[in-house]
Amino acid sequence: MRFLPCIATLAATASALAIGDHVRSDDQYVLELAPGQTKVVTEAEKWALRAEGKRFFDITERASSLELASNKKQKLAVTYPDSVQHNETVQNLIKSLDKKNFETVLQPFSEFHNRYYKSDNGKKSSEWLQGKIQEIISASGAKGVTVEPFKHSFPQSSLIAKIPGKSDKTIVLGAHQDSINLDSPSEGRAPGADDDGSGVVTILEAFRVLLTDEKVAAGEAPNTVEFHFYAGEEGGLLGSQDIFEQYSQKSRDVKAMLQQDMTGYTKGTTDAGKPESIGIITDNVDENLTKFLKVIVDAYCTIPTVDSKCGYGCSDHASATKYGYPAAFAFESAFGDDSPYIHSADDTIETVNFDHVLQHGRLTLGFAYELAFADSL
């Protein structure tokens with residue numbers, strides 16, 4: 001993932017034809033570059049845009065619709081707590097976060113040649129990750145907790161791990177599992193250690209620790225919690241679009257979604273003489289949920305936040321936003337200080353600062369627990 005503000009310039013020159021007017025041949029893709037602004041490109045042109053740092057929704061499979069998802073009716077705003085309510089419990093849970101687990105999972109996960117969503121590697125890496133999630137569930141002894149693949153039109157499946165609560169009100173924690181080498185998308189080496197292996201291990205470890213809480217494991221939390229591992233993010237938020245479109249169609253009651261995309265690179269920040277921080281994205285997010293996210297960081301992390309912007313369609317939280325669900329996004333730094341190695345063979349585990357990943361794990365765990373037990377959402 002890399003997001004640049006110049007997408008606005010591109011969007012201004014893009015065709016604003018209604019989606020229903022597009023006719024797609026086998027090698028053409030419909031991209032949404034900004035709300036209501038679309039462009040038809042070849043696959044080569046699509047990846048060229050990504051290599052330039054442009055971000056977009058690939059809405060090719062939604063091109064028969066006369067209405068963009070971004071124009072759908074927005075859901076009612078959610079009111080979040082203005083302070084943490086479960087500090088003692090969460091602080092005790094935080095002690096169980098194990099930094100070694102990040103590396104134990106990330107090492108083999110980044111050893112797949114790539115995790116390209118259209119490839120056999122993408123399929124196998126998703127199956128491998130599903131196995132790891134199932135191991136955590138089995139070891140926890142929690143009843144009713146599941147992990148299921150969410151199938152798409154491409155080989156890689158998204159994964160949804162669900163911890164049922166007393167209601168269908170749902171809290172979503174997300175990260176994307178695919179990786180890409182933009183010099184050779186289908187065949188190039190793409191370890192994807194930071195982008196977004198770091199986000200995957202962040203929410204996976206939070207999932208493990210959350211299940212050690214007796215009330216959570218017994219299904220006694222007021223709200224349901226889901227952990228999403230999205231496929232096809234690099235191709236235009238493909239997996240998360242499919243999921244949140246379905247959730248919208250089924251009137252799923254998602255009260256909050258937090259995305260973790262790149263949580264491990266700090267050298268850009270420290271080399272610039274800035275304090276290590278958690279980046280809080282402020283565009284294309286829910287303002288109230290973002291304020292609550294800062295409350296969580298203040299309470300449960302030991303480093304500060306820094307506000308930043310990432311542009312349109314920069315990660316999977318944008319899919320939640322598009323379908324009317326409140327979403328927030330925590331990032332490894334301010335935009336511009338993030339890893340320069342992503343989308344290449346150099347995005348390796350050696351570039352990941354696991355102490356920083358641990359900070360994101362703390363905020364993920366706090367966010368999940370506080371909202372799981374928020375009975376006024």
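Cβ coordinates come from backbone N, Cα and C, glycine included.
Annotation source Swiss-Prot lists signal peptide at 1-18. The feature N-linked glycosylation site is assigned by Swiss-Prot to Asn87, Asn288. According to Swiss-Prot, the feature Zn(2+) 1 binding site maps to His176, Asp195, Asp261, an assignment based on similarity to another entry. The Zn(2+) 2 binding site feature in Swiss-Prot is assigned to Asp195, Glu234, His343; the stated evidence is similarity to another entry. Sequence annotations record features per position, and here Swiss-Prot assigns disulfide bond to Cys310-Cys314 based on similarity to another entry.
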Euclidean distance between Cα atoms of Glu234 (Zn(2+) 2 binding site) and His176 (Zn(2+) 1 binding site), Å: 9
Other C-beta atoms that fall within 10 angstroms of the C-beta of Asp195 (Zn(2+) 1 binding site): 31
Minimum Cα separation from Cys314 (disulfide bond), reported as the residue among recorded positions Asn87, Asp195, Asp261 that achieves it: Asp261
Local Cβ density at Asn288 (N-linked glycosylation site) - other Cβ atoms counted within 10 Å: 16
For His176 (Zn(2+) 1 binding site), the three-state class that DSSP assigns: strand
Residue with minimal Cβ packing [other Cβ atoms within 10 Å] among the binding-site residues His176, His343: His343
C-beta crowding around Asp261 (Zn(2+) 1 binding site), within 10 angstroms: 28
